[in-house]
Amino acid sequence: METIFAQSSAFGKAGVAVFRISGPKSLEVLQLLTGRKDFKSRLMYYQQITVPETKELIDNVMVVYFKSPGSFTGEDVVEIHTHGSKAISIMLTNALLNIAGIRLAEAGEFTKRAFLNNKFDLTAAEGIADLINAETIMQHKQAIRQASGKLEALYNNWRSQLLKMLSLLEAYIDFPDEDIPDTVLNEVTNTHTILVNTISEYLNDNRKGELLRSGLKLAIIGPPNVGKSSLLNFLMQRDIAIVSNIAGTTRDIIEGHLDIGGYPIILQDTAGIREESSDIIEQEGIKRAINSAKTADIKIIMFDAEKLDSSINEDIINLIDENTITIINKIDLIEASKIFSIENKYKCLRVSVKNNIALSSILKNIENIAENMAGFTETPYITNQRHRNYLQQALSHLTAFSLDNDLVLATEDIRMTARCIGAITGVINVEEILGEIFKNFCIGK
């Protein structure tokens, strides 16, 4: 196995920059850079590092050596903590590249080596990636749970039950002359029923984990000049959309990213929707606005208090569902009695974006819907489309299983189900079945 290195921290000015080295030559490389031979594992040392060929000083650093297998990758690992300087990073990188037998790591290669050395399964590796990319508290909670092995435990439990079923079926087929009780098939049937129901229910999760991981799309919809761009700017706390009294100013979809109550929200300001427009570009913007609303997870539909009749057109009303927040904007410009019927009919919030009236209620409603759609629970969710694909395949094989069919074919359905679950965690080894057979039965008794 080659020895690899990379700067683990971001390149640029910082208090500290961290370099990681992993592989059989890690300790030798550290000795070359420092001129010191005696390094104990898991102790931090204050050292000077120099260019091995010229002995030019690179930096005064802190270094630590992790002896295999007690490291992140399971290999010998060295970490070098330098000052966070671009010049130091370049000098150390060049010095390492000039040492024989060491190369720059590929993206994700340290984590890949950790997986190959059985430090964790594929779901935990994906959890680490999600943890690095997490931008909100709820994303962090989901990622840390996955990285700590909660998903692995769930899938391994299902796979263990499948292997038990498989061992019982294999024994029933391969050892017909042995004294195997008929209750074996009853146990298989009961486990099969439980797993079908459990996995079916697990898949029927409204993609909560995936929504939390990728972010919930929120589209702001309404007629022209109703205040959509002003609302977007308020939510983003900065001007990212042009605000104008001229109808049709927003022609395309404008996006912004927001953290509301710990949930990642992808805001989309859209072109104003009106029934007639002679402008070809605006027509395309309206078409995109409607499509954006149809694919959005959450919608804010805005009505103009001064122009309620023109605000409420069929295209907009048809977009309302249980995840829609309807608001009447510009309430400061009209008497409350004039909007009462519409307010009640569509359960609208009464706000004034311009004068910052009742805008906190919009944030609270967004948070409530986000929590309902992607709220964190103790049961681990599916967080990745890869997992969902394999689980759907597993359920398909599991559903096809029937003891009324050929027993060999039925056994193959269970085998394929176990392989699909194993593919999620990265553990696929049908030889485990043999161990299950001898563990559960005394063959030749």
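Cβ from N, Cα, C; glycine included.
As the structure is a computational prediction, the values presented were derived from the model and not from experiment.
Among the features that Swiss-Prot reports, (6S)-5-formyl-5,6,7,8-tetrahydrofolate binding site is placed at Arg20, Glu79, Lys119, Lys445. DSSP classifies Glu79 ((6S)-5-formyl-5,6,7,8-tetrahydrofolate binding site) as strand under the three-state reduction.
As annotated by Swiss-Prot, domain 'TrmE-type G' applies to 215-371.
Asn225 (K(+) binding site) carries neither a helix nor a strand DSSP state and counts as coil. If you look up Swiss-Prot, you'll see Asn225, Ser244, Ile246, Thr249 marked as K(+) binding site, on the strength of sequence analysis.
Marked as GTP binding site by Swiss-Prot on the basis of sequence analysis: 225-230, 244-250, 269-272. In this view, Ser229 (Mg(2+) binding site) is surrounded by 23 other Cβ atoms within 10 Å of its Cβ, with every protein chain counted.
For Ser229, Thr250, the entry in Swiss-Prot reads Mg(2+) binding site.
Nearest to Ser229 (Mg(2+) binding site) in space, judged by Cα atoms and limited to the binding-site residues Arg20, Glu79, Lys119, is Arg20. The binding-site residues examined here are Lys119, Lys228; by Cβ neighbour count within 10 Å, the least packed of them is Lys119.
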